[in-house]
Amino acid sequence: LLLDLLPPGVCNLLNPAAIYANNEISLGDVEIYGFDYDYTLAQYSNLLHSMIFNTARDILIEQFKYPEGLGKYDYIPGFAIRGLHYDVQKSLLMKIDAFHYVQLGTAYRGLKPVPDEEVIELYGGTQHIPLYQMSDFYGKGPSLKQFMDIFSLPEMTLLSSVIDYFITHGIEFDQVHLYKDISDAIRDVHVKGVMYKWIEKDLEQYILHGDEIYAVLNRLVNHKKKLFLITNSPFSFVDKGMKHMVGKNWRDLFDMVIVQADKPNFFTDRRKPFRKLDDKGSLQWDKINQLEKGKIYKEGNLFDFLRLTGWRGSKVLYFGDHLYSDLADLMLRHGWRTGAIVPELETEIRIINTEQYMHSLTWQQALTGLLERMQMYQDAESKQVLLEWMKERQEIRSLTKNLFNPQFGSIFRTFHNPTYFSRRLVRVSDILNYDVNVTFYPRRTPLQHEAPLWMDQLCTGCMKTPFLEEMVHIR
């Protein structure tokens, strides 16, 4: 029956390598391309997450005097996903949807799930998190912190591991102090340059997709596009990585290179002027009245950048991986076009294309349709059938979630709603790998009160509705 419901070829309908648009954008109108560096131009192997976890764990033990037993914990690949919220006061790591509801079954204290009943009790008898508690424009709220970048995966896993150790050993702890200590330990790995040294020593092992970056940048330059780079990383680190991926003359491709920019402050704080670096990375003292091609600049701010370049509005497209630090200000306050780098998208689309996912989702939708149309029957026998259907539907929803991540599911949706991460992604990003004059047209997603009968979906055969002929007679 399920095979009959699935149109031919539906399991390969989506291209994992495709570009997906949240807003209509014509690349023919884009004259200037900007890039972040870490996890945008430079993609890193998963080994880096283990190194960050281990080093921050050792900092907790050696410098913060945490129990030595923590040394037995290793990084758990695939434990956490991007976009989760952490309630500092309740020590809860959880997934929240676009309407501020906690997805039940995805709340963890330490490494163990918290029962749904306890989660609802903790929030006053509801799954809903009030707006005043939610994260602000940059992902930080009074008691909730949202983890938005890929570098946050080891931080979430370390946070969960430390809490697991304390709970398992009956050690009382102050939630605020513990969260701050772990955040400081993770920050030290980045700020003190430890991570940079690992990568520089073995670029081949840590950096992925170098050939693709070279091809993309060259294609843009060949089409007379201007390029710039704004990164929080230091010049020596970026220089080694770019030479590895693009070649020793990589700076010839860029009209501007800005390092140690201190994003997101770079986009909002007018006080820091640009400083020039020489070819060895040493600071110069002269006042910056123009930004010259081939030169390296440190710090600065976006307002001086706009004034000195004249690069404004929708002719600029900037790519980054952090929705808040890289993209939010640029789109919402300055009108740049923005592209979010989301490596997880390819993995999730490969899962969506599997028969197991398609079968589960199709049958789940069929059960939902039956429940919706048959719920008016309230005799004892019908009620029993409805209960069995609801139980089966819940089991299938959990199975579908587990295909993406056993703890938290997909980073883009809860059981039926977009995640909080997904909503912010759509809000702050418009969308390289094709003709630079292409226009991206986002699909019209039907609202709840609209019929889902768009011709592009009908023509691809993906709108076949389970039991449509049988169910149309039920009133």
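Glycine residues also receive a Cβ, built from the backbone N, Cα and C atoms like all the rest.
All TrEMBL annotations are machine predictions without curation.
Listed in TrEMBL for this protein:
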type: ACT_SITE; residues: ASP36; note: active site, nucleophile
type: BINDING; residues: ASP36, ASP321; note: Mg(2+) binding site
type: ACT_SITE; residues: ASP38; note: active site, proton donor
type: BINDING; residues: ASP38; note: GMP binding site
- Determine the Cβ neighbour count for the residue listed as 'active site, proton donor': the number of other Cβ atoms within 10 Å of its Cβ. 23
- Going along the chain, which residues six or more apart from ASP36 (active site, nucleophile) have their CB under 8 A from its CB? LEU229, ILE230, THR231, LYS263, TYR318, PHE319, GLY320, ASP321, HIS322, ASP326, ILE341
- Task: Please work out the number of neighbouring Cβ atoms within 10 Å of the Cβ of ASP321 (Mg(2+) binding site), leaving out its own Cβ.
- Result: 22
